[in-house]
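Here's the structure, in structure tokens; my notes come after.
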Amino acid sequence: MAQNLKDLAGRLPAGPRGMGTALKLLLGAGAVAYGVRESVFTVEGGHRAIFFNRIGGVQQDTILAEGLHFRIPWFQYPIIYDIRARPRKISSPTGSKDLQMVNISLRVLSRPNAQELPSMYQRLGLDYEERVLPSIVNEVLKSVVAKFNASQLITQRAQVSLLIRRELTERAKDFSLILDDVAITELSFSREYTAAVEAKQVAQQEAQRAQFLVEKAKQEQRQKIVQAEGEAEAAKMLGEALSKNPGYIKLRKIRAAQNISKTIATSQNRIYPTADNLVLNLQDESFTRGSDSLIKGKK
């Protein structure tokens, strides 16, 4: 810039009169360039701007969207807000309904309400997040968590999260903030309470295991009783059958011999069984008498 001015000064006509004219031209051009530069500004994507003038303060009816805009230099200057949602993690220790200490952390996705930027600037300025979010999050967390016992905070986590989100969203509206998402990222208790919960769970598991073993023993006992009753009934029926017809035992021997014969017939080894191998005592006269009586009984 300085070099360009030197070159321009070298080309000016000599003499006091020419020097004065050139100087006026330079000053006029510089003033015009400065005025144009100060009269134009750009609002980037995801931003909004409001005007502050030195006489009336913040202009409540002017909210500028993205793009190129004009202003009156010195008299007006823009205040630009980023209206994109930004995440913030906030942790707060609080107490449950049964007086247990709870460490809870929230991830809050917030953005300013673009339609209320002038009033937000008057109340909170540009650092609205630092002024508002930590205080209202702590307030809502203490209010909601105090409604639940420590165990309910675990078993009803979805309900707790929904209640926190609803109350926090309504509270943020008072400060021209919009909350796009509120989620519980961490929920922990004191070491003493955690140890007590773990001990309780172990005791419950042991009790359930003992109950299972008792039920299993009872079931096995019932099964043995049923089996013994069945065997006793079978023995009783067999005794009655033998007392009524002695040939019944001979028939059982014949059927056993048939089963043995079938097994031997399908075997690869060649075996020639005898009557003794087939559990048949054919030389016993009682066998013949019992068989005859069984046949006559059927007739």
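Glycine is no exception: its Cβ is also placed from the backbone N, Cα and C atoms.
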Region 'Necessary for transcriptional repression' range according to Swiss-Prot, out of 19-49, 236-266:
19-49
Which listed span Swiss-Prot calls region 'Necessary for transcriptional repression', if the choices are 75-99, 150-174, 200-224:
150-174
Restricting attention to the region 'Necessary for transcriptional repression' (19-49), give the mean pLDDT.
77
Who sits close to K236 (N6-acetyllysine): which same-chain residues at least 6 apart have their Cβ under 8 Å from its Cβ?
none
By the DSSP assignment reduced to helix, strand and coil, which category contains K147 (N6-acetyllysine)?
coil
Restricting the comparison to the modified residues Y128, K200, K262, which residue's C-alpha is spatially nearest the C-alpha of S151 (phosphoserine)?
K200
CA-CA, which of the modified residues Y128, K147, K262 lies nearest K200 (N6-acetyllysine)?
K147
